[in-house]
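Before any comments, here is the structure.
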Amino acid sequence: MATTILSDLGAEILIPVCAVVGIVFSLVQWLLVSKVKLTPADAAAAPAANNGKNGYTDYLIDEEENINDHSVVLKCAEIQTAISEGATSFLFTEYQYVGVFMVAFAVLIFLFLGSVEGFSMKSQPCTYDATKLCKPALATAVFSTVAFLLGGITSVVSGFLGMKIATYANARTTLEARKGVGKAFITAFRSGAVMGFLLAANGLLVLYIAINLFKIYYGDDWGGLFEAITGYGLGGSSMALFGRVGGGIYTKAADVGADLVGKVERNIPEDDPRNPAVIADNVGDNVGDIAGMGSDLFGSYAESSCAALVVASISSFGINHELTAMLYPLIVSSVGILVCLVTTLFATDFFEIKAVKEIEPALKKQLIISTVLMTVGIAVVTWISVPSSFTIFNFGTQKVVKNWQLFLCVAVGLWAGLIIGFVTEYYTSNAYSPVQDVADSCRTGAATNVIFGLALGYKSVIIPIFAIAVSIFVSFSFAAMYGIAVAALGMLSTIATGLAIDAYGPISDNAGGIAEMAGMSHRIRERTDALDAAGNTTAAIGKGFAIGSAALVSLALFGAFVSRAHIVTVDVLTPKVFIGLIVGAMLPYWFSAMTMKSVGSAALKMVEEVRRQFNTIPGLMEGTAKPDYATCVKISTDASIKEMIPPGALVMLTPLIVGIFFGVETLSGVLAGSLVSGVQIAISASNTGGAWDNAKKYIEAGASEHARTLGPKGSDPHKAAVIGDTIGDPLKDTSGPSLNILIKLMAVESLVFAPFFATHGGLLFKIF
């Protein structure tokens, strides 16, 4: 048995310590954000108490921007409370429905997996070594159910905490914008970091605790232990699906309704307090882009970890009971937390942003710094925690792998993520020609804008797919399916920084909305717009990471499913597999159609309600009457809860129906088909929507001579850009991000139910 430099005890200490450090760091960031006060007395006292660097300059800016205007501070606090209450109310309603689903699906997992051996309590011959006895199938059923519930609860908590932090920070970012763009940036970024570190650390800690608790029962049966742990990833992604779809429908229904009536028909600014849908729009940013996105990336992290652990458990790590090497995926994530901690300090403490043009480069530097540092971290971790030579299970054989090859697998995933991020940025940032060309196409109306935007989205798929393809080839060549699983983990190893950058966007967006509604000066709105424009691009980068990692995670889960379902080869020329392949490739289109139509239906109701209020409430356009925000919030809530169920059912029921009636071979075709088409549509949809959004912002900002020829707000090119942005909203915030959950969720669900499908599946082929 090869030994590792890091002892088993060292690994058992390192993982929870890193997780706790992440949680403590997030709490410190939260305390720093909470120092920005939302009460007039404290806000007035703040300049006097400011004895940090540039304190005198800050004081002068404070006086210039009238920081002591109590009514503005009170108004910001009031709007923040309304947004927070709306978001909390929606999530509680959503979680009630999701809770019922969780319990029902948990019962289904127990019944299906328990029936594999007829609910027998007798030990069975091990799947991969018939000479040994392993724990009964009933134990796998019980522990898989517990892991599913754990994953689901952790996902829900991650999303909810993220939303609470974002709604806590948005008005504080607005108030800090009066002191300068640098102060506002730090507040928004620190708030995003709270979410990033809490989610990464909680996900790691809960998984580590679950493994240790399960080990008490399973003992030496590591294959059974890690098969049961796969339920953790299934729970995480199940909740993420409903969070992403429900939140995405909510936010886009409000956004489309607010834009079409407010900006296009009534020619009033975005986030104008006269617009009845404006509070619902800001609530939507938090429930969709924060809570949904947090659950989504947690699901990716949980699944990539579970896929790596399952493959490792039937390789030399599991067979020889090498605990440190077995926990390698968790150790990589642990070091990732420390690397992201250092990286965050570069944005908040080591360098100071003084101008608007420095915002986007500062966020991009976060990605570069974290990737470079993480490469060194992975090299060290691989050297100390993995034997110099070991074997990995590869479809029935054991493949010999060197530790330097494993390092390259993780590193190629990490750097592929950075490439995908920068390609996404190139196609969605208005600093580059693709988005500027889309903006220029608005001269001739909405139709040419839509044509250019669609072309950009299709073109943006090319390089990310090549990056994913290279990652798959290199990692599979070196370490089979385990290599692909750890490549996905490499892409997600800097998840804390990725989430901080991602959450920064909606927080800045809300900050701009609050500035507009509170009647703050044009200068403040320019600062928050600059923060928001950078956030738009970074949100697109976050989606690129999520989609790229989803492709690798799904492939790794697919490999684990094929092994667990006892499929020797997947032959696409056999009718059983080919029909699955073509149906699987269709599913992302069906799913996208359902989610986009849901947004359209909800937006239709919102448009009618906003028009009704403008037409029937006297003095609303003049600003002397207050709109009925609550009705718009209720329309978004009711529509999203109702509309999220059919797409969710499609994803959750497809593997069950195909596995039970058509068997594991057809199901393997469905998984392969959905992976191949889903990744392409997801990248295209996200980037098209992001480009349209930033083309609109490019025209609105008027920062260049070219942009000024297309503006100002209210001009025909601007109206065409708003229509493009409105079409892109459901693509980039509902369908696109949800598709990566579709391909992951179907794969992990198939893996969890693989023993049942292998034993009892294919009923139709057995009958005929």
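The count begins at 1 with the first shown residue.
Every residue gets a Cβ built from N, Cα and C, even glycine.
TrEMBL labels come from automatic prediction, so no person has curated them.
Remember, it's a predicted structure, so these values are computed and weren't measured experimentally.
Copied from TrEMBL, the annotated features are:
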TRANSMEM  13-33  transmembrane segment
TRANSMEM  97-116  transmembrane segment
TRANSMEM  136-163  transmembrane segment
TRANSMEM  184-211  transmembrane segment
TRANSMEM  326-347  transmembrane segment
TRANSMEM  367-384  transmembrane segment
TRANSMEM  404-428  transmembrane segment
TRANSMEM  449-474  transmembrane segment
TRANSMEM  480-501  transmembrane segment
TRANSMEM  545-567  transmembrane segment
TRANSMEM  573-591  transmembrane segment
Quiz prompt | Residues from the same chain, set at least six apart from the ends of the transmembrane segment (326-347), whose C-beta lies under 8 A from its own | solution = 6, 11, 14-15, 17-19, 21-22, 25, 29, 186, 189, 193, 196-197, 200-201, 204, 207-208, 211, 222, 301, 304-305, 308-309, 312-313, 317-318, 362-363, 365-366, 369-370, 373-374, 377-378, 380-382, 385-386, 406, 410, 485-486, 489-490, 492-497, 500
Exercise. Using a Cβ distance cut-off of under 8 Å, indicate which of 13-33, 136-163, 367-384, 449-474, 480-501 has the most pairs with the transmembrane segment (184-211).
Key: 13-33
Exercise. Sort out for me which stretch, of 136-163, 367-384, 449-474, has the most Cβ pairs below 8 angstroms to the transmembrane segment (97-116).
Key: 136-163
Quiz prompt | Which of 13-33, 367-384, 449-474, 480-501, 545-567 contacts the transmembrane segment (404-428) most, counting Cβ pairs under 8 Å | solution = 480-501
Quiz item: Taking the transmembrane segment (367-384) as the reference, which of 13-33, 136-163, 449-474, 480-501, 545-567 gives the largest number of Cβ pairs under 8 angstroms?
Solution: 480-501
Quiz prompt | Long-range neighbours of the transmembrane segment (136-163), counting only residues six or more past its ends (CB under 8 A) | solution = 87-88, 91, 95, 98, 102, 105-107, 109-114, 116-117, 119-124, 195, 198-199, 202-203, 206, 210, 214, 217-218, 224-225, 227-240, 243, 286-287, 290-295, 298-299, 302, 503, 752, 755
Quiz item: What residues in the same chain, six or more past the boundaries of the transmembrane segment (480-501), come closer than 8 Å to it by Cβ-Cβ distance?
Solution: 22, 189, 192-193, 195-197, 199-201, 293-294, 297, 300-301, 304-305, 307-308, 311-312, 315, 328-329, 332-333, 335-337, 339-341, 343-344, 363, 366-367, 370-371, 374, 377-378, 392-395, 399, 401, 405-406, 409-414, 416-417, 471-472, 474, 538, 541-542, 545, 548-549, 552-553, 555-556, 559-560, 563
